[in-house]
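*Asks:* TrEMBL lists these features:
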- 41-59: transmembrane segment (TRANSMEM)
- 80-98: transmembrane segment (TRANSMEM)
- 118-137: transmembrane segment (TRANSMEM)
- 144-161: transmembrane segment (TRANSMEM)
- 181-203: transmembrane segment (TRANSMEM)
- 215-240: transmembrane segment (TRANSMEM)
- 268-291: transmembrane segment (TRANSMEM)
- 303-323: transmembrane segment (TRANSMEM)
- 335-354: transmembrane segment (TRANSMEM)
Amino acid sequence: MKEKLNWFHIALLVHMFELDTTVFSQSRVLAENIGTNAWAALIPLSAIASMNLLLYLWLYRIGGGQSVYRLMHAVIPKPLLYPVYLALAGFWIYIGGLTGKNFILISQMFALYSTNPMAIYLLYCGMVFALLTKGLYAIVKATTVFFFMFIWVNALVPYFATEWSVHRLTPYLFQGAEHGLSLHGLAESYVIFAGYEFCLFLFPYTDKKSKLFKGVFLGHWVITLLYTNSVLLAFGFFSFEEVQELQFPLISTLEYLELPFLNRPENLVFTFFIYPNLISSVLFGFAALTALREVFSRAKGKWLEGAIVIAMFLSGYAVTTLIQSELLIRNAKFIEIGLAFAMPAALIPIAYIARRKGAGKGA
């Protein structure tokens with residue numbers, strides 16, 4: 001019997017998956033789309049994600065914790081699902097590549113000025129391949145190590161206390177958004193929570209003792225609190241107008257960090273953000289791998305993993321500028337949150353039918 005994941009490691013997976021390059025610009029995005037004191041909107045936005053997660057919990061209980069692929073195959077002929085699997089795998093590979101390339105392009109702006117971005121991206125894809133070929137349990141172990149290597153960054157917040165002012169927050173709530181409060185603006189603000197839907201692929205790796213959704217909700221709400229903390233820091237460190245103008249407020253905040261024993265500490269701190277971004281790319285690759293294995297069930301060795309990483313590299317290779325990368329990843333995130341709501345809504349009726357079929361066979 002295979003070892004099952006526990007809630008603690010699941011929480012770390014969800015935490016690291018939700019944390020990607022969007023964290024650098026989230027304060028500006030919130031200021032542009034929600035307005036003053038936009039940090040306060042993160043809690044209700046996170047609550048929407050939690051309500052979406054309740055659908056995944058419902059699906060998990062209806063399906064008895066079975067793989068979603070097994071549920072679908074019980075209702076729909078497998079060949080009819082191949083185009084869906086290929087489309088989803090292609091999207092996950094694409095967004096995984098964009099996540100990595102976006103981080104590389106941002107890092108070139110602030111740290112690796114003269115280094116060829118494709119050379120760094122090639123190394124990045126090499127790390128993705130190394131983790132992807134080891135399987136989910138090795139990915140979980142790496143995620144745990146990376147989490148503890150990264151989480152200390154939050155301990156730097158007290159260093160900014162002397163420059164932080166509550167007066168910069170202003171007494172106004174949700175005023176000054178560029179186009180007023182709108183559904184599009186709320187969607188742009190919501191994308192920072194994309195990633196929790198990965199719990200769908202953890203069903204076969206858990207049992208009742210795993211407490212899957214305890215881990216999922218914990219990971220999601222911990223990252224919510226950290227997001228709120230970072231946005232609140234930016235809104236109290238810069239004026240509201242400055243937050244709207246800065247491309248990456250979080251990085252701009254780090255530039256004010258001064259340590260007596262280290263020159264330009266922001267560059268060192270920034271490099272630690274590679275860990276959550278790497279895990280995000282790996283987990284997108286893993287999601288694609290689960291879909292491709294249903295289509296190419298006879299594939300031997302590590303051919304599928306290799307094909308995924310090559311496709312991921314090519315998707316990043318086509319992106320050459322940061323402006324292009326930011327636009328593409330924003331659009332991809334819109335699709336991702338659409339899938340996050342659509343997948344459980346489509347799968348719950350299928351799970352009901354599959355369960356009734358199973359009950360009929362057992363009668």
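Cβ atoms are placed via backbone N, Cα and C, with glycine included.
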*Asks:* Would the transmembrane segment (181-203) count as touching the transmembrane segment (335-354), i.e. at least 3 C-beta pairs under 8 angstroms with sequence separation of 6+?
*Replies:* yes
*Asks:* Below 8 angstroms Cβ to Cβ, which residues of this chain, lying six or more residues outside the transmembrane segment (303-323), approach it?
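*Replies:* Same-chain residues near the transmembrane segment (303-323) but 6 or more away: 89-90, 93-94, 96-98, 100-102, 104-106, 109, 118, 121-122, 125, 128-129, 132-133, 281, 285, 288-289, 292-293, 296.
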*Asks:* Between the transmembrane segment (118-137) and the transmembrane segment (181-203), are there three or more CB pairs that fall under 8 A, provided the residues in each pair are separated by 6 or more in sequence?
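*Replies:* Contact between the transmembrane segment (118-137) and the transmembrane segment (181-203): absent, because fewer than 3 Cβ pairs are under 8 Å.
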*Asks:* Looking at the stretches 80-98, 118-137, 144-161, 268-291, which one shares the most CB pairs under 8 Å with the transmembrane segment (215-240)?
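*Replies:* If we count Cβ pairs closer than 8 Å to the transmembrane segment (215-240), 144-161 scores highest.
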